[in-house]
Ligand SMILES: O=C(O)CCC(=O)C1=CC=C[C@@H](O)[C@@H]1C(=O)O
Ligand SMILES: [Mg+2]
């Protein structure tokens, strides 16, 4: 086992060990999502199993290194706390697609009672969002749950206006309506009468201090993702310290990364919301024998079996393979420096 410093920064395995069984894959998406049409990932095989390293390509190394720490934790360390559930209820995730495609995209998720809808996309208007949310509510029926994710795109006035316009569709919560913690706090104070909860996503996973948003009482719940937070233990510690309900969500990973998300969700003492871990349904392929596509609104917790044929079928082109291997090496270097300083 590698040495762990007092701040929890673990000395990474040697680069040769890290990359010994690495496979770089490139999987087409069923629908364009956050501007991409393919998802690229590195699958790493450690002594404890397969792990995924898939920070989005535009991320700087400093941010991507945390994703590598999570992958190392998953592949090289034994799981810590015991799981308290073996199945995770999940939501469907609806990108900003045209109205006539909503039904087809939702069908990929099977029987999910909850849908997360992307809103405030660049190039779209509030009227577009209202139409998409209305159509989703029509398809889902009165009892389905609808949550929105604006990825911090609104200022406080825009967010207040949008939430008031969309509130009639009965919103479970709105994720990251504004970018900053002070904006979220102001928005929450302004809309307290209409009882639409606010969730933080980027204000947790991209923040220097992931607890600051909770400390400021700026949100009602947290969205947590294992990879950008550095792994399961760190994510569990953040939730415990924040003292807020948490939704576990994906990073649009393959089923290897989703299994880490499911393992995190399985270890939270309370899981009051459906989790954003149904996103295998947005991929046109996967790397495991039984992809974690939702069945009856849930995905299982437990080990995955890698599909070697799929690794070959979705192998990334040579230039992308080189790019990812170099990225792993640079991020590993950053982790080594951090562990030495720890
Ligand atoms: O939470 C979900 O329903 C699915 C995951 C999801 O929405 C996201 C995955 C990856 C990148 C993000 O832009 C996005 C999010 O902001 O939550
Ligand atoms: Mg989000």
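Every residue gets a Cβ built from N, Cα and C, even glycine.
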Worksheet entry | Given TrEMBL lists 149, 175 for Mg(2+), the same-site residue among 201, 209, 220 | 201
Response to the item:
Of 118, 201, 225, the recorded positions whose C-beta sits under 6 angstroms from any atom of ligand 1 are 201
Item to complete: By DSSP assignment, list the helix, strand and coil residue numbers for the domain 'Mandelate racemase/muconate lactonizing enzyme C-terminal' (95-194), in that order.
Response: 51 helix, 17 strand, 32 coil
Response to the item:
Densest Cβ environment (other Cβ within 10 Å) across the active-site residues 118, 225 belongs to 225
Worksheet item: Which recorded positions from the set 118, 149, 175, 201, 225 come near ligand 2, judged by a Cβ under 6 Å from any of its atoms?
Response: 149, 175, 201
Response to the item:
Near residue 225 (active site, proton acceptor) (Cα-Cα within 10 Å), the recorded positions in question, chosen from 118, 149, 175, are none
Fill in: Closest of 149, 175, 201 to residue 118 (active site, proton donor), Cα positions, binding-site residues only
149
Worksheet, complete the sentence: Around the Cβ of residue 201 (Mg(2+) binding site), other Cβ atoms within 10 Å, all chains included, total 23
